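Undergrad: Below you will find the structure I want to go over with you.
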Amino acid sequence: MLLSTQSIPIKKSVDDIWPVAGKRVLIRVDFNVPTSSGGIDDDFRIRSAIPTIRRIVDQGGICILISHLGRPTGVDYDTAHAEQEKRQTPVQLPNSRGKTAFFSGLRGDAKATILAWSSQREKAATLSNPYGSGKTAVFARLPEEEKRRLLLRFMSEHKEELFPQLGSAGYEKEFSLEPVAVKLAELLDQHVYFGHDCLGAQADIAKLRCGEVMLLENLRFYTNENSSDERKRMLMARILASYADVYINDAFGTAHRDSASLTGIPRVLQQGAAGYLMEKEISYFSKVLNNPPRPLLAIIGGAKLSDKMQVLENLLDCVDSLFIGGGLAYTFLRSQGYSIGTSHFEEAFVPFAQALPLAGSGRQVRVVLPEDHVCHAHTRPAEAPLTTTSANIPDGYAGLDIGPLTIQSITHLVRQCSSVIWNGPLGMFEMPYYAFGTFSIARVVSQSSAAKGTTSIVGGGDTASAMMKSGEAAHISHISTGGNASLELLEGKVLAAVAVLDNKE
């Protein structure tokens, strides 16, 4: 019973690309972290990227990080570039007074840079103090053509400094990665530079020295990142690739996507390696899906059956037992004639839910459903919920968590097996009344891993968050950073961003 993950060749990793000293190493990370009020709510994904970043820094590489955050509206690069061209018109000022006024608004160090290019002897005395006075007066006395030449040169070589507003194409404050840069600096215990425009960072990157780190602004501020138009994606990929001597993908959470930063850059550079996190993710999933210690139990929860159908079908070819919980269980219970009250179910998939347990039986896979429920007439109750004594849910009530009988059954399954895959919470764990089931199973899986070495993989953003909140994460073999990426692996698919990386020789 094997899945197609077995066919993934072993990829080059961080340790296969030495030496990196003095090289610009572009690392695609997954810093798509939950935020609120400008703060980081959960830094798990940031911490997961530290080993790769630290290795490059310690070896003297120049570390350039790129990521997305959330779903900003974004702008097209060509549109943004055209707007930038319009904003450059101030250098075409018609008279000396206009050019001088423009010069007077620049910073002291920028003025010093411009005057240093001048052929006029009298400007030299003003350069001893880059923040001193007198530079504007010197500039005002320069010949008109000299002023024009100097401003055009500064415009060309210091575009980001001259027009800082050009670095905000597509900018939305709530999706900015700048707070992530602050958190990363804290975790690395070193300064992290921030590039305000991911497609206009050439000048900033050129200033970086060996061992330094820069995080660029949100890739999705440009719609090119995930554009359906390959030409637009590759335009962005070529710009990003121009920053790099070496490309590393350490963003497992987005490895299922065909986007500029994930598949485009390695195609442009014709090289790419897996970061330590990516390598670890692929290794664990490949092991547990293709050659796991047996018996193997899969616990699949979540809200909708339609999101997990292919996963469930594929797992029948690899697991020994399959527990189906969370919101998707109610369609299965409905298909078997149980009363589910007002619990959400998907009528269109009732035939699938009827057929899956039979298919499992034919493959010697035990398919297990909830035996009882914690439920309520409202999804946000002020009083204690009702716990049923059977799989039936009373009219007017909705199931929001598994009950004690179900917890006992899953506990028995976990203690019997040698490997566990868990994807999807088993209840509305964000609310205290409905967290007990999910947290109880987290405790059982953790204890089994600690006591008898059970291989345990927890995948999916909500499941990883639940595991962290339960306080039981320490003994889990692997908590995946991937949501849809881990689902696609469970479905037996090869991830697009992994396929384009170099195979290990």
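Numbers run from 1 along the shown chain.
Cβ coordinates come from backbone N, Cα and C, glycine included.
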Undergrad: If Swiss-Prot says A303, D307 bind Mg(2+), which of D78, D109, D462, D502 does it name for the same site?
TA: D462
Undergrad: Among G325, G326, G482, which residue does Swiss-Prot name as a further ADP binder in the site formed by G302, A303, K308, G399, N423, F429, E430, D462, T463?
TA: G326
Undergrad: Have a look through R45, R47, R233 and flag the one Swiss-Prot assigns to the (2R)-3-phosphoglycerate site that V29, D30, F31, N32, S67, H68, G70, R71, L219, R220, H256, R257, K304 belong to.
TA: R45
Undergrad: Are there any residues at least 6 positions away along the chain from D462 (ADP binding site) with a Cβ closer than 8 Å to its Cβ? List them or say none.
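TA: Looking at Cβ-Cβ distances below 8 Å from D462 (ADP binding site), excluding near sequence neighbours, one finds G302, G424, P425, F429, G483.
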Undergrad: Which one is it, among the binding-site residues R45, R257, E430, that lies nearest to G326 (CDP binding site) by Cα separation?
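TA: Going through R45, R257, E430 one by one, the Cα closest to that of G326 (CDP binding site) is E430.
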Undergrad: What Cα-Cα separation, expressed in whole Å, is found between R257 ((2R)-3-phosphoglycerate binding site) and G327 (AMP binding site)?
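TA: For R257 ((2R)-3-phosphoglycerate binding site) versus G327 (AMP binding site), the Cα atoms are 26 Å apart.
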Undergrad: Find the shortest Cα-Cα separation between K304 (AMP binding site) and the binding-site residues V29, F31, R45, H68, G399, and name the residue that gives it.
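TA: Smallest Cα separation from K304 (AMP binding site) among V29, F31, R45, H68, G399: G399.
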Undergrad: May I ask which of the binding-site residues G327, E430, T463 is closest to V29 ((2R)-3-phosphoglycerate binding site) if we compare their C-alpha atoms?
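TA: Nearest candidate: T463.
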